[in-house]
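K.L.:
Below is one structure. I have some questions about it.
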Amino acid sequence: MVWVILLSFSPGGFSWWTILCVMTGSIVGISLGLLCCIYVATLHENDLWFSNIKEVEREISFRTECGLYYSYYKQMLKAPSIQQGLYELIHDNTTESKRTINMLQRMNIYQEVFLGILYRILPIQTYLEPIYFYIYTVFALQTVYVIALFITSWLLSDSWLAGALSGVWYILNRVDTTRVEFTISLRENWSIPFFALQVAAITCYLRPQLKPIHQRVVLWLVFVSTFCFCLTWQFNQFVLLVQALIIFTLDCLDFLTVVSLYLMQVLSLLLVWLLQFCNSMILGSLVLSFIVSALFIKHFQMGLKTGGFVIRVGKLALHTLLVLTLTFTINYSAKKILQLKSDEHIFKFIKAKFGFGATRDFDASLYLCEEAFGLLPLDTFERLAGTVLLYPYLCTLNVVFSLGLLNLLLCSVQTSREKEDRTFRMRPDIAYNLLHTVFFGLLAFSTMRMKYLWTGHMCAFAAFGVCGKEVWSLYLRVLHCNTKTTMRLIRYSVPIVILAFLYYKFWPRLMEEISELREFYDPDTVELMEWIR
């Protein structure tokens, strides 16, 4: 990925200054990622005194479904062989009473299978306990997450200071960006780092000056990260649906025309479908129906982006209506053919949540009662404002959104030659990240649990606003002092001032937080487990 960044910054060749900046930024990004990993691991250790408690107490600390996921990892380790472990998971008769089910088809537990196999074949059994190998792997993914945010903000702003700022903001807003230190095994803690890596790869792929051969390399990274994301979380299809809507919107608004991103989503889902033993829920997913419909209508509806403003709006409205109609038709037909009903409770939950009717479905009602599936609490914004994240984010969002609207208006009235004027021309990578933060922000507002898909990217987008040229150029034009020297001075001084302020305000708090020691104490559950054994 560092190689791709180097190429995207200097497509015509390399200079020593560029190489020095990329190497410095890479060291800072990796250091921040490792710092975040050590930070959450220390919090986990200090909260439970994990290294000093018994094995049964460590396993009890995996609450709710976290313990269930960990049990499959443990099952792979206890099996006489890898083949026997896989056979027991494929023919599982302990998870559901009086039923034998295929756990690899039913649940997203390939990460536990992979870790179980890896632990068995690596020569680490003598000095690293299985449970530590498991939790350290999850914590290490936080390093991937921070590095992905670092790269995204760096690519958007052309400054690694933005990456440093996004990484620091992610760590300081830990309460709202992750809950990995106390819900280690949750699927989101495995998948969201890969999703952030996919967004970074898409941002790099959409950079204007990237050469075709480099685009193919980055597109491969998009596919790998999308596949890993889909394989590790059961909600993958709903997240990819939101992302497909973003790509569809950008295509309709003429910001980009990228069929390849659709194809990467489809290929990833189909590969997961194969690995999950032809899981019919994937074929009946709304995102596959939507992508097929969007590509089909796009192929036959020619001249969509021609004509005057009113004509184009009418064509886009008709295009959107046709795509949505075909999407629901294909999805309804697929579910009837496959006799699929496993995800109906989710749509019943959405229908009841937004007031389109009550539901008597047990699973949907359970979701409605859960606080995590309620609206985003307002105190979230107080915490985000306390770390000086909310204000730059809102400023960046308002300015970039306004520039996007201005770009649309100019494109609708300008000739092709006038469109070459880049004064108000928005880059495709910025346009994608703008809609990404808007769409997933709305998702977070509607469902609190989904805020973790938004707040991490929020850090990267706000850092881009602080260190990028787009926001500052507008402000400096208003003040009539938009010179290269002034722009460079502001772009480098403002993030340094913010970083210095954050260090002064929060470093003592972080030291106090990681020095606070607690201990796991649940004697009743421990006694129950010992009795069962």
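From the backbone N, Cα and C atoms, a Cβ is placed for every residue, glycine too.
Please treat TrEMBL annotations as automatic predictions, because they have not gone through curation.
Here's the feature list from TrEMBL:
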- 16-41: transmembrane segment (TRANSMEM)
- 131-156: transmembrane segment (TRANSMEM)
- 218-235: transmembrane segment (TRANSMEM)
- 241-263: transmembrane segment (TRANSMEM)
- 270-296: transmembrane segment (TRANSMEM)
- 316-334: transmembrane segment (TRANSMEM)
- 388-410: transmembrane segment (TRANSMEM)
- 430-448: transmembrane segment (TRANSMEM)
- 489-507: transmembrane segment (TRANSMEM)
K.L.:
Should anything in the same chain at least six residues away from the transmembrane segment (16-41) have a Cβ under 8 Å from its Cβ atoms, list it; otherwise answer none.
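P.N.:
Contacts with the transmembrane segment (16-41): 2, 5-6, 9-10, 135-136, 139-140, 142-147, 150-151, 154, 160, 163-164, 167-168, 170-171, 174, 178, 180-181, 510, 514.
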K.L.:
Is the transmembrane segment (489-507) packed against any residues at least 6 beyond its ends, judged by a Cβ distance under 8 Å, and which are they?
P.N.:
157, 159, 161-162, 164-165, 168-169, 172, 387-388, 392, 463, 466-469, 472, 476
K.L.:
Would you mind listing the long-range same-chain contacts of the transmembrane segment (430-448), meaning Cβ under 8 Å and 6+ residues beyond its ends?
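P.N.:
Beyond its ends, the transmembrane segment (430-448) has Cβ neighbours at 152, 156, 199, 202-203, 206, 242-243, 245-247, 249-250, 253, 255-256, 353-354, 371-377, 397, 400-401, 404, 454-455, 457-458, 460-461, 464, 470.
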